[in-house]
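The ATP binding site annotation in Swiss-Prot covers ALA69, GLN70, SER71, GLY72, THR73, GLY74, LYS75, THR76. Annotation comment: Swiss-Prot describes 56-226 as domain 'Helicase ATP-binding'. Marked as domain 'Helicase C-terminal' by Swiss-Prot: 237-398. Marked as motif 'Q motif' by Swiss-Prot: 25-53. The motif 'DEAD box' annotation in Swiss-Prot covers 174-177.
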Amino acid sequence: MADNFDRTADERIEFTTSKEVTVAPTFDDMHLKENLLRGIYAYGFESPSAIQSRAIVQICKGRDTIAQAQSGTGKTATFAISILQVIDTALRETQALVLSPTRELATQIQNVIMAVGDYMNVQCHACIGGTNVGDDIRKLDHGQHVVSGTPGRVADMIRRRHLRTRHIKMLVLDEADDLLARGFREQIYDVYRYLPPATQVVVLSATLPYDVLSMTTKFMTDPVRILVKRDELTLEGLKQYFIAVEKEEWKFDTLCDLYDTLTITQAVIFCNTRRKVDWLTDKMREANFTVSSMHGEMPQKERDSIMQDFRQGNSRVLISTDVWARGIDVQQVSLVINYDLPSNRENYIHRIGRSGRFGRKGVAINFVTSEDVRILRDIELYYSTQIDEMPMNVADLLG
């Protein structure tokens, strides 16, 4: 069910917003199309989350919008609903374009748009790298109301004139901080140049570093701002621990000791490099542990089937790089292990946010060598949080 996050945690989120932003307490108050409302309720949403109740009406009015939202707060549905409200399904042309940093996220967004727009006969295509270009060309030539994609492939399809931009009225940049961190700036600017001058721009980002704000000034006119108060990007409900490992080499034995605990539910283990993911996966398998792994170098088909197995619960332990850390919605994950602490502290909340899916309880365990102590302290300071040494009864915490 879509509507299974913790409402009380949601209600506690405090925002600083532009003065014209009001709160719509129900979806009915938003004056949405009848068939869209049917789709929203059929999808499992009962009432809007904090970000939805503030942002949807502003986006539907055509305002450029910057919304600060973490994974799991209902942000994907925020722009999915807004897009479905403003497009004209009688016109078989692309009217909204969503760019996101990973193929998995782009596909997940496509799934949400198709599901919520189920009664509207909407056409939405995921235009992503690593897939057959011929399929893209066929789908786009056929006509799609919405395209959800990664910047490189989208820019390519626009340049080849298969993705027609003249009817586009909304550009959504999801996980904008990560789009820029992954070096997509040039492709985003390329795409933007092809869009009609009056295109509305909606930016969603968990953090708002300088480069995100500088991009918004180039793309946006008098944007509405819906920002979570700094200290409310919360790690609430997540228990965070560290295990002191004297040397890097000892991390592996520590992980093996924890394996039985990991499989109580599902766990994700993060490493900082693709090479480390492959190395750890091989080593775990040699020791007869069942694990699956995923990183950005894998062919798209393989990544899709690994994600599907994990979503369906067929695999219990997934080893990954940060490619997985943004926005991938797997409800059962309640344990995250940072085998390596993230090199970028802003990724910490994305990684462990995976374990608490917005108000769901979760446990995060950080492996810390003596060299890592400084990074751990930096993370604690940055998030005003406390990370304690792990107690012996970690299995009880997951019960």
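Glycine residues also receive a Cβ, built from the backbone N, Cα and C atoms like all the rest.
THR76 (ATP binding site): 27 other CB atoms within 10 A of its CB, across all protein chains. When pLDDT is averaged over the motif 'DEAD box' (174-177), the result is 91. Secondary structure at THR76 (ATP binding site), taken from DSSP and collapsed to helix, strand or coil, is helix.
Of all Cβ atoms in the protein chains displayed, 27 besides its own lie within 10 Å of the Cβ of THR73 (ATP binding site). Of all the Cβ atoms in the protein chains shown, 28 others lie within 10 Å of the Cβ of ALA69 (ATP binding site).
All protein chains considered, the CB of GLY74 (ATP binding site) has 22 other CB atoms within 10 Å.
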